[in-house]
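Asks: The structure is given below, and queries will be raised subsequently.
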Amino acid sequence: VEPNATVREIRSMFHKLYPRWYPARQSIKLDPKGKSLRDEEILQHLPVGTTATLYFKDLGPQIGWTTVFLIEYTGPLFIYFLFYFRMPFVYGLDERFTSSPHPVVNLACICHSFHYIKRLIETVFVHRFSHGTMPLRNIVKNCLYYWGFAAWLAYYINHPLYTPPSYGKKQINFAVIMFLLCEAGNFSIHVALSDLRRNGSKTRKIPYPTKNPFTWLFFFVSCPNYTYEVGTWISFTIMTQCVPVGLFTLLCFIQMTIWAKDKHCTYLREFKDYPSLRMPIIPFLL
C-alpha cells in the first residue's frame, strides 16, 4: 500500500481480494479496541511507522441510511391511520369507522402526519449522511421503536373514551403554535447542516447561525435539531394531554441528549476554536 493511500482506497483493495466484504461492511482500525478509521484519512498521516498493521472487523450486512429512514418513518404514518379511522379490529365493531367528537383528535392526526411527512421529505431531499449505511440487524430494533410507539400513542389518542385537554382551546392553540415553530426550526437546522456538505464533502465542519432566525439557536447549543425535535413532542404532549405521548417524549429526550452529548464532545475534540458558550441540547443547562 502506498503511503498516500486513503482508507477508502484500502477498503477497495481489501474488497478486491475478498469480494464478500464490500467497503461499507468493513471496519478498519489501527487498534482492535479503537475507533474505525474514516474513509478520507491518509495512511502516512496516521500514527504509524514505515510498517503498519490494520485490523479488520466485519460489520455485517449493511443497509443505506436513506432506506432506513424511509422504512422507519413510513410505518408510523400509516399505523396511526389504522387507529384514527377506527378499523374494526382495533376498538371493536361498535366503534368501527366512527369519528371522534373531539376536534383535537383530528388536529393531532394532522400534526402527527405532518411530522412524519416532513421527515420523509427531508430524508429524500435534505439529509446528507456522513455514514452511508448501518447494520441491517438494527432496522428491526428501530422499526419496533418508531412503529410500536406510533401504535401506542394512536391507540389512546383515538380511543372512544379519550378526554380532551383540561384547558380546552387555549391549551390546544398554544400547543399547535409551539408545534409549528419547532417543526420549522427543526427543518431549518437540517437545511443548514445539509448546506455544510453541499459539495458532497464528508468533512465535519462547525455549523454556525445563518440569516434564518431559527438557526440562531446555534449560538447556544451544538445540536439545535434535537432541541427543536424535543420541543415538537413536548407540544404534542400538551396538545393531546396523553400520558403515553409524555412517556414517548421523555424517552426521546433521553436518547437525543445522549446523541447530542456525543456530537458535542466530537466537536470539542476536533475543533480547538469551537464556541465555548454552546451546550449539547439545552441552552446554558445541558
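Each Cβ is built from the backbone N, Cα and C atoms, and glycine gets one as well.
Copied straight from TrEMBL:
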DOMAIN    1-58  domain 'TECR-like N-terminal'
DOMAIN    133-286  domain '3-oxo-5-alpha-steroid 4-dehydrogenase C-terminal'
TRANSMEM  63-85  transmembrane segment
TRANSMEM  144-162  transmembrane segment
TRANSMEM  174-193  transmembrane segment
TRANSMEM  213-228  transmembrane segment
TRANSMEM  234-254  transmembrane segment
Asks: Are there residues at least six beyond either end of the transmembrane segment (63-85) with Cβ under 8 Å to its Cβ atoms? List them, or say none.
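Replies: Distal contacts: 97, 105, 109, 112-113, 116-117, 119-120, 123-124, 127, 129, 131-136, 138-139, 142-143, 146-147, 149-151, 153-155, 157-158.
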Asks: For the transmembrane segment (213-228), could you work out the same-chain residues 6 or more beyond its ends whose Cβ comes under 8 Å from its Cβ atoms?
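Replies: For the transmembrane segment (213-228), the nonlocal Cβ contacts are 182-186, 188-190, 192-193, 207, 256-257, 259-260, 263-264, 267, 275, 277-284.
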Asks: Suppose you look only at the domain '3-oxo-5-alpha-steroid 4-dehydrogenase C-terminal' (133-286); what would the mean pLDDT be?
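Replies: 94, rounded to a whole number.
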Asks: Could you give me the DSSP helix, strand and coil counts for the domain 'TECR-like N-terminal' (1-58)?
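Replies: Helix/strand/coil tally for the domain 'TECR-like N-terminal' (1-58): 17 helix, 10 strand, 31 coil.
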